[in-house]
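Asker: Feature annotation from TrEMBL assigns transmembrane segment to B:24-45, B:51-71, B:78-95, B:101-122, B:129-147, B:167-188, B:217-240, B:246-267, B:274-292, B:298-316.
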Amino acid sequence: MALLEVVDVSKTFPGVRALDGVSFTLKPGEVHALVGENGAGKSTLIKVLTGVYQPDGGELRYQDKPSQFGTPMDAQRAGISTIYQEVNLVPLMSVAQNLFLGREPRNRFGLIDRKRMDREARTILSDYGVSADVRRPLGTLALGAQQMVALARAVMIDAKVVIMDEPTSSLEPREVQTLFGVIRDLHARGIGIVYVSHRLDELYEICDAVTILRDGKLVHTGRLADLERIKLVSLMLGRDMAEVRREGATAFSGAATGDDQAPPVLRVRELNSRHKLHDVSFDVRPGEVVGLGGLLGAGRSETIKAVGGAYHLDSGDIEVDGKDLRKPTPVRAVRAGIAVQPEDRKAEGIVPGLSVRENIALAVLPRVSRGGLVSDAKIDAIVERFMTRLRIKASSPDQAVGDLSGGNQQKVLLARLLATDPKVLLLDEPTRGIDVGAKAEVQSLIDELAAEGLGVVLVSSDAEELVEGSDRVVVLRDGVVVGTLTGDEVTTEDLMSTIAKDTREH
Amino acid sequence: MSTETVAARPTIDGARLRAWLPKYGVYIAIVLLVLYNIFFTPYFLTWSNLRIQLIQVAPIVIVALGMALVIGTEGIDLSVGSVMALAAALIPLYLGYGVVAAVLVSLLAGVAVGLINGVLVAKVGLQPIVATLALFVGGRGLAVVISEGKLKDIRDPNLLYLGSGDLLGIPVLVWIAAALVLVIAFVVRRTVFGRRLLAIGGNRPATELAGLPVKRVLITVYVVCAVLASIAGLLSVARIQSSDASAVGLLIELSAITAVVVGGTPLTGGKVRVLGTVAGALLMQLVIATMIKHNLQPSTTEMVQAVIILIAVYVARERKTR
């Protein structure tokens, strides 16, 4: 008997097959982990379950009957509640009002009975570990408490299925335990829970079953207790343990570069940022490629952005060439010789409406101008140099970057970074979403740049790319450095076992 | 194969037309309207008529230039009319110290307003429409207080020369507007500031991450816009030979935004069409003039303006799918 079930669903967006024949079964009282890396299809599957998307093919069954949810409202009425990372309540209304929104208790005149509402809200929320004044606006509560209110509300409206999308990403450890208490309670009441998270320890603590997606396909489903951690990681990252040894899938030479004796060009010490980074430290020597390994949400992108001055740090030191970068901001970081290639190329990388030329020259305008007037000749020299070196294919330097292919957009972005003459290059998923040819070109470029003496930090969710491209791999989990792979240890097997290592069983 | 090419042709032309219209539509509209007037409006093609039209449009053009820069950063400035009023109110107060002092003081008022707007937008992080709304309301109030709510006559010959004098047969006012157009076009095309402004409008997170001084550029943009508005304010005083803080620049923010949008500058930022903005202002001026010459009600004129704005926005709208 299944509570909520999809059979062989597919969903295609222009150019992407987001779900390809995926089946998923949630039983009553089951806590079901849904895992997969970026682009695996988790969010699409959730959106199909909650009526945001209509599947192109396949069937949705709810309580053993074929169902169709035209809108998220239909799904909610039927008893499927979703708690998103970003809490979707009304921040300016009181906690109690949020909890009872649409179902406020009335007095005998048909008006809202505030006293009763506040009283009941207090009782309900105390079960969820929320002791705040229920008359306060919801927005003044900590994010964790807000999430509890959202959860309480979801359960109150007779939910039979609760979908939680990374519910612990902004919670304190104590709050996580309260959440788990609530989940166990729901579990006992026969409510089915879909639990999306990347924290392995949590999954093994709270979940009964697991479904793993990769590239829109179902790769595994079954009892979680029967699945070893290392197996889970390898299924997520897409490498069969048997074929982990396969070499030569990337264009990296594999030759180690970097001088062991040289002083580090980048020294990162004890970066801390609430919930995200805890005492992250590592060094990068000139000519060295240091990989940052870990699952989604491990703190890789946060680390890179923090070094680039674009992520809030509570404490930590960043030194470039022995000089301390006090109070890092993007302006100071660039001036110190740090160049960051952000993960989201379109949102934070290129300026799509401007030409290839303008994009490449963007960060070096003062250098190619005199008295505030830009010199076209100087810009052309730089643009030509990098268009040739990176083999950027555009109809002309004046073509808008937004019209180029993904690979060429990425090369334009790299050209912009290199034009600033950086000492350290931080690359966050440099080959994501670009074609095979461009991928190989970018990979060999990284090798070349390291050989020229640049310090490189590489983040890639492609385990093979990370291992073959890096001389050393620093492995992060939940914002903590859990290991460093050097020399012969830089293999996908070691990477996966370090990621999967159980830290709770000591 | 052959069916494909036949089917493909009209869509290619459609796409080309869609890329072409927002850029050049405003010029075509001007040509058509001028042709219509030449044939159907008596006394249209006379020097005195053209003169009046140009004098009337000059302050709008000057304000619209600043507005175009602000819109290029994905912002908007509602306070320009109030800045004009402030400049107008300060002129009679300081005219006693000479024209230069009076002009400097009113320009300084523009700098101050621009700084407040810029800081609110760039540092405090308010949305431009809200940040500039404060001074849209408060600025004119202050101007009326400064002028004690009185209309003051201006008799200083030097100042009046700016408003009604001629140089080589062309009004000084028009010369000033034309010079400012050239300066702003040059700034947008040739300077570091201009390039940065466009990049910020095109993708602000990316420019921040690239290490550009985003806040400084944004504040400068709002200062430039407010200074241009104060120039327009003092020129208006010079033209009408009196200072009336409650009337100068009233609703000009709407005319300026209209000129910018009709001229093909997208509200989404990242692009500034300086000549298009001038043409947009000219087109709206021509439309109004044509309506008046044909004795149509002001209400009709307003509705026609609305239709033109809608057409401009429709033509310039982003394609949903690529």
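A Cβ is built for glycine as well, from the same backbone N, Cα and C atoms used for every other residue.
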Asker: Which of B:24-45, B:246-267, B:274-292 has the most Cβ pairs closer than 8 Å to the transmembrane segment (B:78-95)?
Answerer: B:246-267
Asker: Considering only the recorded stretches B:51-71, B:129-147, B:246-267, B:274-292, state which has the highest number of Cβ pairs under 8 Å to the transmembrane segment (B:24-45).
Answerer: B:274-292
Asker: Going through B:101-122, B:129-147, B:274-292 one by one, which has the most CB pairs that fall under 8 Å from the transmembrane segment (B:51-71)?
Answerer: B:274-292
Asker: For the transmembrane segment (B:101-122), give me same-chain residues lying six or more residues beyond its boundaries with a C-beta closer than 8 angstroms to one of its C-beta atoms, as numbers and ranges.
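Answerer: Contacts of the transmembrane segment (B:101-122) (Cβ under 8 Å, skipping residues fewer than 6 from its ends): 75, 77, 79, 82-83, 86-88, 90-95, 128, 131-132, 134-135, 139, 156, 159, 214-216, 218-231, 233-234.
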Asker: What parts of the chain pack near the transmembrane segment (B:167-188), using Cβ distances under 8 Å and only residues at least 6 beyond its ends?
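Answerer: Contacts with the transmembrane segment (B:167-188): 51, 54-55, 58-59, 61-62, 65, 68-69, 72, 161, 194, 197-198, 228, 231, 235, 238-239, 272, 274-275, 278.
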Asker: Mind checking which residues reach the transmembrane segment (B:274-292)? Cβ under 8 Å, same chain, six or more beyond either end.
Answerer: 23, 26-27, 29-30, 33-34, 36-37, 41, 49, 53, 56-57, 60-61, 64-65, 67-68, 181, 184-185, 188, 255-256, 258-265, 300-301, 304-305, 308, 312
Asker: Could you tell me what the rest of the chain brings near the transmembrane segment (B:129-147), counting residues at least six beyond its ends with Cβ under 8 Å?
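Answerer: Distal contacts: 76-79, 81-83, 85-86, 88-90, 92-93, 113, 116-117, 120-121, 222, 243-246, 253.
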